[in-house]
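Here is what TrEMBL records for this protein:
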- 1-239: domain 'G-protein coupled receptors family 1 profile' (DOMAIN)
- 12-35: transmembrane segment (TRANSMEM)
- 47-66: transmembrane segment (TRANSMEM)
- 86-106: transmembrane segment (TRANSMEM)
- 136-156: transmembrane segment (TRANSMEM)
- 187-209: transmembrane segment (TRANSMEM)
Amino acid sequence: FFHSSFLGMFYSWNALWSSAVLSTTLVFVCSARGYYFLGYTMCALEAAMGAVAGLVTSWSLAMLSLERYLVICKPFGAFKFGSSHAAGAVVFTWFMGVGCASPPFFGWSRYIPEGLGCACGPDWYTNDQELGTTSYMYFLLITCFCMPLSIIIFSYSQLLGALRAVAAQQAESASTQKAEKEVSRMIIVMVGSFVTCYAPYALTGLWFANSPEVNKDYRLVTIPAFFSKSSCVYNPLIYAFMNKQVRTNAPTEMRDMNSDTERLAPVSIRGPEAVMQPSKPRRGTRRLLCRVTAADLVPL
């Protein structure tokens, strides 16, 4: 239980706070005024914070899915994922965020007001050859969207395959079949929300980079910004409030986060989150190296 709640919250709080604190506060204030009134320096800083928040969020969700894959499917054998690994993964997400958002301060692309002029972001739509805005757009497309999405799809597809293999061995168990449907639904929701939040930026950036100037409507730049910032709403709902374990145990875990983890007793989970132990494998069936639970697959 400690692993599925504490380590999961490492990633969820990392993603939620990076989005809420860095990418929404100044945007809200400027939107209330109707225009960006804080000057170029604050525009660049606000855009950089928004870019860091988006990268940290996307990579946090990717690291969470990878951690689930490593813990449950055990591709490296008896590998124990501890709090130090989780802390290292969080540091990695911030390294990626800060590292990928810094180039505009050193001459590769730039930060400018975007859309309706109430927020700032990377210049990914003017095709300024001197500043290399198009190449930087492709760089962000790969690091902020394609790479995290590939990790998420791979990890959850492996988890879903493991779950279905266990469910096939326990076809007579109603709780196992119900858990399979629940986890499948949650995986679809998690991948779908990621694509919903970040695909509009990716698609709009590709369109602006490859369209003639006469066909561009710069008001459309506002639309992907709204989608990406909506992750502040989607992520808490999906990774926290939709998970029964977190709703029940998060207050206690937050109080005991710095206490000795050995004092935590195992929690028995019933119903759709019942532990699905692989039964004795049939002839010709690969034996799974993991216990798969609905709570394991969606631990946040």
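Using N, Cα and C of the backbone, Cβ positions are placed for all residues, glycine too.
Heads up, TrEMBL stuff is auto-annotated, nobody curated it.
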For the transmembrane segment (86-106), distant same-chain residues with Cβ under 8 A (at least six beyond the ends): 7, 10-11, 14, 18, 44, 47-48, 51-56, 59-60, 63, 67, 122-123, 136, 139-140, 143-144
Mind checking which residues of the chain, 6+ beyond the ends of the transmembrane segment (187-209), have their Cβ under 8 Å from one of its Cβ atoms? 54, 58, 61, 65, 124-125, 127, 134, 137-138, 140-141, 144-146, 148-149, 152-153, 156, 159-160, 216, 220-221, 223-225, 227-228, 230-231, 234-235, 238-239, 242, 297-298
The average per-residue pLDDT within the domain 'G-protein coupled receptors family 1 profile' (1-239) comes out at 78
